[in-house]
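Some notes on the structure that comes next.
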Ligand code: GLU
């Protein structure tokens, strides 16, 4: 059997972590078994489907590298096919027209509720002999078996059984002629030869209904795997309302696709105690057998940890390339300063995201106002004027600008000025970077270059003098 999986989002919102995990599992399962991965957009809910959501779904999948082999198929473009099958089902007696009005159905529902019964359609039209006029509105319902059971072996949860008696005669075509979700999914999975349906556990109740329709069409039943939900950091269901942002927001915040994939895969799937997985490894290891039945909790702390790990371990040229976009987004012109790759080497183990790195590089490329510095009153004071003046004059005379020469120079200055080297360093940090913390200040001076270094020291001298 050639494995074929699908990701079938409804374009009613953005892609969030939960849907991406379903996509990732389906994609990896297909890759693991050299199968095919189909992308299908389930847009028959015309009122709620949005063009923008489709765009954002495609964008998110592309960013993470979850490429599809077929599609995107759009259910809205397959309406003829659904009509054709519904026609056959009407002819074979597997479906029927239901003329009951919304009002009648609601009355029946209330009656059942008042009798303590579970509300469901009373099948009034199932064996209807009466002929209605051709302009009377109707829906089409599936003739669900009324007795027996329907079971399936869920790859994650084991055997799941429903009594047919519990299931309604499902509406498969609305009164406006548009088929419903449960019906379209069945026809699509069938036509697209889907072998494994991997989706969220919120679809478990749909599965027996879908299986019954497939059975009525004498079709093969795919294998189902229902993935548990993801909880947010407050252990609440991850939903579109609480912090489950569009996956593209993670890009904007400076996360790497590698980190996100690694993070998401571990939200429910495991391979021993291993935490770090690259894609090619996952393509060999992934299976449905070790997906957990229990829900997993989202942790930003762990995601940040993984992102930092990947920033530090992926090739610097790759990270530098990505970083360029973040510099651009921050409006930092990298032509105005040092080589980005060299800077990255110096800074990469200090930050968790590419955006943080980009922001921390700004001072290399742009001048900043000294009065904006937090510690201005502690460092830019008359007591330090002679130190800065002395360094300025001596530094100006340096003919060579290497890390060795700069280190020697500042060691020498500490003797000449009778100061601890760290006292000089912190003052230089404030003057040159606007911050009391930075990587090795001599490396920064080296990368900043002589001209900018002198200019900033001079600015600090003027600043202190003007304050006097
Ligand atoms: N369109 C459904 C959703 O977005 C998924 C359907 C399925 O996977 O069968 O929840």
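Here the Cβ of each residue, glycine as well, is placed from N, Cα and C on the backbone.
TrEMBL assigns the feature motif ''HIGH' region' to one of the listed ranges (9-19, 20-30), namely 9-19.
According to TrEMBL, the feature motif ''KMSKS' region' maps to residues 237-241, out of the candidate ranges 227-231, 232-236, 237-241.
Over the domain 'Aminoacyl-tRNA synthetase class I anticodon-binding' (320-461), the average per-residue pLDDT in this prediction is 94.
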